[in-house]
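Student: Here it is, the structure, as structure tokens.
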Amino acid sequence: MFQYEALHVGCNRIPTAATWSSNLGLIYGAERLIAVADPFKEINYLMAGHSGRINCVCELATNSEYRSPFILSGASDKTLRLWQLEEEYFTCIKTIELEATVNCLCVNENLVVCGCSNSSCIVYSWNAEQRNLTEISRFTCSEIIPLEFAIVKLDHGIILTVCGSSKKIMVYGSDSAISSFKLKAVLRGHLDWVRTLSFKKTSGSTATLASGSQDRYIRLWNISLWGSEDEKVSEEFFESVLSNKPVRFTLGKIDLKIVFDALLMGHEDWVMSVDWHPTKEMILSSSADSSMIVWEPDTNTGIWVVTGRMGEMASSHGSTTATGSAGGFWGGLWNPNGNCVVCWGRTGGWRLWKQDAGQWLQLPSISGHTKSVKGVAWDPEGKFYLSAGTDQTTRLFARFKKDNAWHEMARPQIHGYDLTSISCMPSRIGFLSCADEKVSRVFKFPKTIVRLLYRLCDTNIGEESLPDAANVPLLGLSNKATTASETGTVNAEEVQTPVADVIGSLNHPPFEEHLQRLLLFPEVEKLFGHGYEVYACAISNNGNIAATSCKSQTPEHAVIRLYETQSWNQQQVLKGHSLTVTTIKFSPDDRYILSAGRDRLVCLHEQAENLLDYNNFASIKAHSRIIWDASWAPKEMGYFFATASRDKFVKFWKINDNKKICDVAALQFSDAVTAVDFAPFFHNDELLLAVGTEAGKIFIWRCPRENLTKWYPTRLPDHMAPMESINQILWKPTFETMGLYSLLIAGEDTSVRLLNVTLG
């Protein structure tokens, strides 16, 4: 009945937000969701349950008989959740309530350690057969808030290191997995907060700890047995090389020492993560300087050297954490085989490299929004879709013909305001978007992206009169078009800008750096007139008129402004509302403009004789609470539409032959209804209506076209549904097989979902 064809979410900006599992692939936190993905292709699962941001995830061991994967997650909602893959989806089988935000998790075989923002560290024993976490002990890191752990089991006991809001690294020890941890030593040397730790066990009694800090350096510490020769070294010698002084501690009945071994310098900003290679003596580090480095010891000298560097040069991104930047890479991971690395950054997108013949080759990966998605729009032919979110980006997704998966093919708009709505032009050459500003903006496809979509996705969009590419001027805020005339080239076919060179050579979905810089749409027009932030927008089905509304608390500003799309001049101002107009919809033949708003009114304006002007037709108080959305039925139904409201009703209305609005039927729900959309086609002579609620529930309602009072629902299963508000829901305008349709969903949970709906 239901199956997701595509899922898009970005990764949280936290170094502990992701892990790479040998069984499941990438596991990462996406705001309040947990995503499980194949980084080479697509997201396979999304799990909802936490009420706060996911800060850490890890995979737990399974027993030999029952190999169903387990995932443990911690979040700012002060809970740990245990998830198990049952049949075809993950289920939360246990929730542990804690006293503070969960910052980090660490797993070693059946031992799990959890760190919280109140400085408490809790140790659990994991039993896969009983599917249970049992608390063994807890202790408090009195001097720091833990941000990351590293744990190693040696022959004589267990060593747990803790880093966080301090220059120090705290070393705890336990004689066995069932005894409590005691503070054994404190490692000093870093000059700023230590952000990350990672252990490499080298023998039964030795290990190497890697630590990364905001001081931009990585330090290596060797743990080994305390020998008799250590007693003979004088204190005077230690004073002369203080940083190399061994730190002695007892684990069980054995004395061990920790010695600073090496200082790795290569990053130009905070070191966010360090990760040992699964089998080799190699370290992967990621940094806020937008680079990842692979370190290896030289075979002759033993000195650690850089053998691979991925990402960007520091000079190319300019700002650093010292200037308030939140850019760069937030974490890096090896895959379980050790031949691939991934990292994620501010935009939520993943970057992936694979080692081939000693060279690191970049491959396309997955991406998505990092904040709530407010609007989506379909290409009229269903070949691609657009999304707009409060992460201040609009994104274009299309199906890559080689792997048949939906990838982000362009990032048309990278804005300075949260996006609130988006509408695609019927001509397919561009779109209209609005944000938390008084201006709406019109964008058109550049030729580089038109050709990219044709080459990779078999999507044919006419490119006549389109600009070649787009860029953002150094001191500008708008995407500026670049054309042949501006380059001094007479023949437009001969124009080869750097953007055209790079994008024209792509035979795969673009990388994250392409999306951030080279795949912008040129902004061709700004639409002025509103006195407050623009809230909703729409374009008529014939493409001749654009309509916008803004936030308002007075009738003066609660208007719809119409713009003629040839010149983009304001054509008319439609009145009728007294508060914010939340949705604007043109009837299939553009004869009526339907609007609804916070004032609980539904207003209709009818087309005048000149076809560009509209006259006030009717205004009715349709609901008892704010009306969030409305939708027209297919044109064969006449003028039949639905409205959705916070009062938990969807109501159906029809303009009869006497030009009166009649109340036809109503559907009641258990939650506020936030999104509705009629399919623009019939299924076996039935109307199809998709409904989304504030609680994330999604319904498909069917109704015989001869009897508009009989509606039959089908509900999306809870494990597939978002857990937060549905901001917009849209049927794909086309289908290939009768009974197999697609539904596009914009969620407050940061996700864009493409759902396949199979009807009998």
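Just so it is clear, glycine is given a Cβ too, placed from its N, Cα and C backbone atoms.
Keep in mind the model is a prediction, meaning the values are calculated, not measured.
I grabbed these lines from Swiss-Prot:
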- 49-93: repeat 'WD 1' (REPEAT)
- 97-134: repeat 'WD 2' (REPEAT)
- 139-182: repeat 'WD 3' (REPEAT)
- 189-231: repeat 'WD 4' (REPEAT)
- 266-305: repeat 'WD 5' (REPEAT)
- 324-363: repeat 'WD 6' (REPEAT)
- 368-407: repeat 'WD 7' (REPEAT)
- 414-453: repeat 'WD 8' (REPEAT)
- 576-615: repeat 'WD 9' (REPEAT)
- 622-663: repeat 'WD 10' (REPEAT)
- 668-711: repeat 'WD 11' (REPEAT)
- 721-760: repeat 'WD 12' (REPEAT)
Student: Take the repeat 'WD 6' (324-363) and find every residue of the same chain, 6 or more past its ends, with a Cβ under 8 Å from one of its Cβ atoms.
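Tutor: The answer is 9-22, 26, 28, 30, 39-40, 269-270, 272-273, 275-280, 282, 284-292, 294, 308, 310-311, 317, 369-370, 391, 393, 408, 508, 511-513, 515-516.
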Student: What else in the chain is close to the repeat 'WD 8' (414-453), if you only count residues 6 or more beyond its ends and a Cβ gap under 8 Å?
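Tutor: Residues 371, 374-381, 383-384, 386-394, 396, 398, 459, 461-463, 466-470, 472, 477-479, 481, 499-500, 503-504, 506, 510, 516, 518-528, 530-543, 546, 548, 550, 565, 568 contact the repeat 'WD 8' (414-453) from elsewhere in the chain.
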Student: Over the repeat 'WD 1' (49-93), what is the model's mean pLDDT?
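Tutor: A mean pLDDT of 91 is what the predicted model shows over the repeat 'WD 1' (49-93).
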Student: For the repeat 'WD 12' (721-760), I need the partner stretch with the highest count of C-beta pairs below 8 angstroms, choosing only from 97-134, 139-182, 266-305, 368-407.
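Tutor: Between the stretches 97-134, 139-182, 266-305, 368-407, 368-407 has the largest tally.
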Student: Grab the same-chain neighbours of the repeat 'WD 3' (139-182) for me: Cβ-Cβ under 8 Å, and only residues 6 or more beyond its ends, written as numbers and ranges.
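Tutor: 15-16, 103-111, 113, 115-121, 123, 125, 188, 190-199, 201, 204-207, 209, 211, 213, 221, 223, 247, 249-254, 256, 258.
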Student: For the repeat 'WD 7' (368-407), what are the DSSP-based totals of helix, strand and coil residues?
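Tutor: DSSP classes over the repeat 'WD 7' (368-407) add up to 0 helix, 23 strand, 17 coil.
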